[in-house]
Amino acid sequence: MDVHNSSTSSEQAYGQNTRCDGTTLIHEKKLIGGKSVLDYNSMGLQTASIKSLGSWTGLHDRPPAGVGVAPADSEEKMIELRDTSGDPESQSLDSFRETRSDPFERKSRKCRFCDEAKFLATFITFSLGVTLVLVVHIYIAPPEAMGPGVVVTDSELCASLGLGVIRDGGSSVDAAITTALCQGIVHPHLSGIGGGGVMLVHDGRKNESVVIDFGETAPSRIQEKILQHDLQHKSGLLVGVPGMLRGLHQAHQLYGRMPWHDVVVRAANIAKEGFNVSDSLARAIDSQKGKNVSTNFRAMFLPQGQPLPPLSTLKLPHLATLLERVASHGMEEFYHGNVSEEIALTVQANGGVLTRADLANYSSVLQEALTSQFKGYQVHVPPPPSAGGALLYFLNIIEGFKFTEQNQEGSAPHWIAEALKAALDLANGLVDPKFDSSVSGTISNMLSKSHAAVLRHMISNSSYAGGPGFNSRGSSEHSGLRSLRGNASASSQVLVMGPDDVIVSLSCSLNWPFGSGLITPSGIVLNSQVMNFSWLTAPQNMTFLNQRNRLQRGKRPLSFLMPTIVRQMGRQCGQSVALGASIGHWALSGIAQVLIKLMSAHKNLTYSLSEGRLHPSLQTNVILVDSEFQEGRVQALRQRGHVVQRVEHLSLVLGAERRGDVMHGVTDPRSTEASAQAITRPSPGVQIKPGS
């Protein structure tokens, strides 16, 4: 048997990796440019290739729509060999068993007729079953993808770009960086290098979860008294110090394989070559028509005074040039060079106080993730000033309730609503710990099972907790969750699972759509994160009235960006799930309810993302429910005294899942643009560097 190797290198060695299913993967190790690399086939579903046996298409005869598929080689068929030896040549024949009888011996006509009849009946039954499954999948299943590498995000173009990084040997973090930069280009109303975010990384090889916080900070010259001005006409005061590039660069230094230049230039090429305007971007641009937007905003998004329509081509050559400079010169270009001056001048020209020194002094923060246990799983979230701890508190409260099929339209929605009220209220204390020493005590309470049990006993099965603003202290105190544009905080999500056993969940934001509305000459859309602080003179409808979240120089505001990773305990190859959600504090309630479906109700990820969701509004004491929320559950809430209001949708939640060696990406069916893409078979000849 001729075992075909994809390498053209003369220096080769062979090795083995044991997969979760017990199969041993045989891979080629080659020396290229003095560096050891692994043949990509070792990371996928195949281990050797046999010439002239046709083509193999991975997990699907026909890949599902929206799935990125490496091209199949019509001259090869990939097969999987069970482990008998470290030498692939010895396996090529040992996998076959010798028989004493002739396998092609003719059977009697009667037996042959019976066999043919059985085969025909089986074939017809199987065909009908497959057809039915495919029809059902086409009409009711949300977009999803499966394979040994998965990227899930808000844009199909960016998901495909990130998947290409994995195909070309990049790490999961490399793919997340490229995807996030792409998102800031094609969806500049949601995120970009003029904003910030938070990245959660779980390294399965080291069994550790870390967080890189690159949220915006308040400028050094900011004062509460200057915020008494008309902020609509001094939008520069809204801008915090951007942190996105600093954080992504730190992530690359820790987990990158591909050169920084290559990771960034892939996204820069999207800005240079242009892209089609999505429906969501077109709607966001149209909402700004007639407003007092900046000159650069009009030039970029409102040519001749008209908003860009969907599917029109948008090119951003100045932003592409800037990213190419960042790719070549690193952080020096953005935080110390001409770009920092450009940002400072744009902000100051619009009444702001951000300086070049603010940018030069900015640093991202590397921290351990907050971790709690729930129903046999470990749940990892970012620490303060992210509100991730409130999610863990919710799970601790809800853990004592028993969810059954019978109470899904009875007590269960009521329990969820009341537990979310408590979690959202306590989230007010999850502020920047560098400026508030009491945060550690708040976290201790949130992680305490006994503290959660006390509050759980305050939740009645038959009625809601009481007056407006019910909170974890059992009072009727108003929590003060208000914002200038309602719940308008916007963000983009990136989820990546790759063959390097690293899971990434990343959330980025400008705060409001298009942030402050200011755009630099190079095309950087600047954030409005200062509005997520509190100050004494703020009008009641302008910001979170949370005195622990007071505006201070250099401080990060409370954030509801909460990338989440969940891992099954006690099983090396058990289930792992990454989640990300949009739209401010609705993200907490969205992720919370997906986790309940997954871990308490034991539903699959597809079902869990598609189910209807609720969100308790603390300022109005109204339970908001989305269009998918079942009417029977609405009635159950009303019977317990809740005021219920339907809205079109709440948060949009994206998910990625790994079971054993198979990774699965699913988008929220409420989103028309999010995309889950996977490698369904490795491309012959593509290499990936081994993990350290």
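For all residues, glycine too, the Cβ spot is worked out from N, Cα and C.
TrEMBL lists 82-101, 664-692 with the feature region 'Disordered'. As annotated by TrEMBL, transmembrane segment applies to 119-140. Residues annotated as L-glutamate binding site in TrEMBL: Ser509, Leu510, Asn511, Gly584.
Sequence features annotated in TrEMBL and their locations in the structure.
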residue : record                   : CB count, 10 Å
Ser509  : L-glutamate binding site : 30
Leu510  : L-glutamate binding site : 32
Asn511  : L-glutamate binding site : 29
Gly584  : L-glutamate binding site : 23
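In the three-state DSSP scheme, Asn511 (L-glutamate binding site) falls into the strand class.
Binding of L-glutamate is attributed in the record to Ser509, Leu510, Asn511, Gly584, and the widest Cα separation among these residues amounts to 11 Å. The DSSP secondary structure for Gly584 (L-glutamate binding site) is coil. Highlighted in sequence order, Gly195, Ser489, Ala490, Ser491, Trp512, Gly515, Asn527, Ser528, Gln529, Asn532, Leu561 have their Cβ within 8 Å of the centre of the Cβ atoms of Ser509, Leu510, Asn511, Gly584, the residues recorded for L-glutamate, and are not part of that set.
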